[in-house]
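Quick look at what TrEMBL lists:
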DOMAIN    7-715  domain 'Major facilitator superfamily (MFS) profile'
TRANSMEM  6-32  transmembrane segment
TRANSMEM  44-67  transmembrane segment
TRANSMEM  73-92  transmembrane segment
TRANSMEM  104-121  transmembrane segment
TRANSMEM  141-158  transmembrane segment
TRANSMEM  165-185  transmembrane segment
TRANSMEM  561-582  transmembrane segment
TRANSMEM  594-615  transmembrane segment
TRANSMEM  627-648  transmembrane segment
TRANSMEM  660-680  transmembrane segment
TRANSMEM  686-709  transmembrane segment
Amino acid sequence: MGGPVLVAVAAAIGNFLQGWDTATIAGAVLYVKREFKLESEPTIEGLIIAMSLIGATCITTCSGYISDWLGRRLLLIISSVFYFLSGIVMIWSPNVYILLLGRLMDGFGVGLAVTLVPVYISETAPPEIRGLLNTLPQFTGSIGMFLSYCMVFGMSLSTIPNWRLMLGVLSIPSLVYFALTVFFLPESPRWLVSKGRMCEAIKVLQRLRDREDVTAEMALLVEGLGVGGETSIEEYIVGPANEDIEDPDISADRDQIKLYGPEPGLSWVARPVTGRSTLGLVSRHGSIASQSALVPVDPVVTLFGNIHAKLPETGSMQSVLFPHFGSMFSVGGNQARHEEWDEDESVIREGEDYLSDAAAGDSDDNLHSPLISRQTTTVETGIVPPAQGSFANLRLISLMQGNDGELVGSTGIGGGWQLVWKWSKKESQEKEEGFKRIYLRQEGTPGSIRGSLVSLSGAVAPSDSKYVKAVALVSQPALFSKELMKEHPVGPAMIHPTETAQGPSWSDLFEPGVKHALLVGVGIQILQQFSGINGVLYYTPQILKQAGVVFLLSNMGISSASASLLLSGITILLMLPSIAVAMRLMDIAGRRSLLLTTIPLLTISLLVLVIGAIVKMGNVTNAALSTISVVLCFFFFVMGFGPIPNILCSEIFPTRVRGICIAVCFLISWICNIIVTYSLPVLLKSIGLGGLFGMYAVVCAVSWVFVFVKVPETKGMPLEVIMDVFSVGAKRTS
């Protein structure tokens, strides 16, 4: 995992600069007000801080479309340039107007970094550690804030603190970020695939995954070219191919999917469940109970919850090698179709290595199909090479062991999911042929269920056989077209990605799954901003000063301004362990669970802060209570409500329009951020600290209800599977 981790750390430097800027302006504004005599003009003071947010809002309106058009990496490079130029302008600043210009340019850099870094990390990280890596921006941002507070505190101890130097230092780390984006960061492989640049995507994946064969993940990325579509959920029973099940609800051989094992001759069959099969009842009762218990919850949330509930809670971060369990185009009971296919694929069978080998001389036009390689089209003995992802949560050890009992690598696509295709021919008034794309994953507890089978009436199965219940998301592949059925030699109706690659389209936003995801993304971003935490971050020194920190540090001979800066830095430092805990839990407990746990604690902390501001308990007691409450607010915020909205927004949208959708979510977020930040000084003067944080506590309570009803759990799932689940759930909702 060294590749994606290092890339994520380098990309997260953009958030380090954002955190640095946030803390710097929070401290420098104390001296800016003094020089420009703004003590009696809170609107100008608010504008100096909010100008960065205005710049971020302006750039966000077009950043999504441009990133879908030109790529994520280019815009990260532009972000570093804006950071550098803003530092130069602010260190010059002869008057407040030039300072506002520098803050505007700084906002351009902030907007690009905050919007695109989570997208970039999500598109390069494996599903098993995607949550951990996407919490890195919160971690690096907090480190930037701590180091900046240390710098500002040190400068505040001088006779005449130089606020221009405080703000201008930003240009130094921005040069480091520029070098990393230019010379180290690769382009997002998902974006490259969306543009039909397959060979470049292969090379990037090989670098990120540190192996040659990336066929399985490339196939997944190609499937991400589609947006929504007619997705349905089917159930399968997976068992040894040489065992028969006498069950009227298990479909005939012609509908079975052949799954090849680690050795020739060792294979399994996934049999579709067409009705209320006795085999299916073994694990179905759990989902029925959970659905009835969560009546007010959105069907999308219920669907995600059922999928996650049927896997053992072992954590998706465990690195274990599990067996082969997948094949390319394979369907049992249709050998004639295989033979016909083999004739079409004779060129591939003669030994030419296309996608899986990624020869240096290949071009995208020479690739017959990114899904087909010599290894994966061999039907009888074709063994798919090990690929990224694992069946760790499925634990099909007893089914998939080789003769020597040793476990081998998996061909999964992450999070326990397998990607297979099925060629179908429907008998109706006229024959209809086509592919089905199937995301397949085991349901329930793994291992043998023979005891349950024998005890259920009507089920006839060998007492020593072993079966697995599987759930499947079935839809049309991204590279399928009836019109091109007879024009392409590489399998029926399989189109090369360069022919299907399309730019972002606003019409895709009206697809039911995308609309539903936008509702979730926009809603959680609005509530995050109106919880007030970003306003607190900008004004932490003044809040602590008003809370009475001067009484806590009066014996040290430190001025109230320096004391508030010192406590702000210490507060940020204490936040880092909380973020580390969140990084660990993000892929184990999950995003939804962390939100539902930390938001109530955040609400209680805000209420304690209200009590400390309203009830007079003595200067020292009030100051201590307010300071502790602010620290706890930060703790619980960075464990949940801080990073998770950005993580969710980077996960729930299709590749082709991910940039546009992210831009919409962040545009709304920046607008709300401006409102909160600009109004905070006025609210502090009008309703005081207690009334302000009382409002924020109410918003947090509303946020918990929204998360419970609307926000699904996405941990460990490939991005492409998440979108398919959203499509199914959105159709159920409508």
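In case you wondered, yes, glycine gets a Cβ from its N, Cα and C as well.
If you look at the transmembrane segment (627-648), the same-chain residues 6 or more away from its ends with a CB under 8 A from one of its CBs are 114, 118, 122, 131, 134-135, 137-138, 142, 520-521, 524-525, 528, 531, 533, 536, 540, 543-544, 547, 549, 552, 567, 571-572, 574-575, 578-579, 581-582, 585-586, 591, 594-595, 597-599, 601-602, 605-606, 608-609, 612, 669, 700, 703, 711, 714.
Remote same-chain residues near the transmembrane segment (73-92) are listed as 11, 14, 17, 63, 66-67, 98-99, 101-106, 108-109, 112-113, 116-117, 120, 164-165, 167-172, 174-175, 177-178, 181-182, 185-188 (criterion: CB distance under 8 Å, separation of at least six residues from the stretch ends). Only pairs six or more apart in sequence are counted, and the transmembrane segment (165-185) with the transmembrane segment (6-32) gives three or more Cβ pairs under 8 Å, enough to call it a contact. Under 8 Å from some Cβ of the transmembrane segment (141-158) lie the Cβ atoms of residues 12, 15-24, 27-28, 30-31, 165-166, 169, 173, 537, 559, 561-562, 565-566, 568-569, 572-573, 575-576, 579, 638, all in the same chain and six or more residues away from its ends.
When the stretches 6-32, 104-121, 594-615 are ranked by Cβ pairs under 8 Å to the transmembrane segment (44-67), first place goes to 104-121.
Distant neighbours of the transmembrane segment (6-32): 38, 45, 48-49, 52, 76, 79-80, 83, 96, 99, 103, 106, 109-110, 112-114, 116-117, 120-121, 124-125, 133-134, 136-149, 151-153, 156, 161, 163, 166-167, 169-170, 173-174, 176-177, 180-181, 184-186, 208, 537-542, 561, 565, 568-569, 572; these residues of the same chain sit at least 6 beyond its ends, with a Cβ under 8 Å from one of its Cβ atoms.
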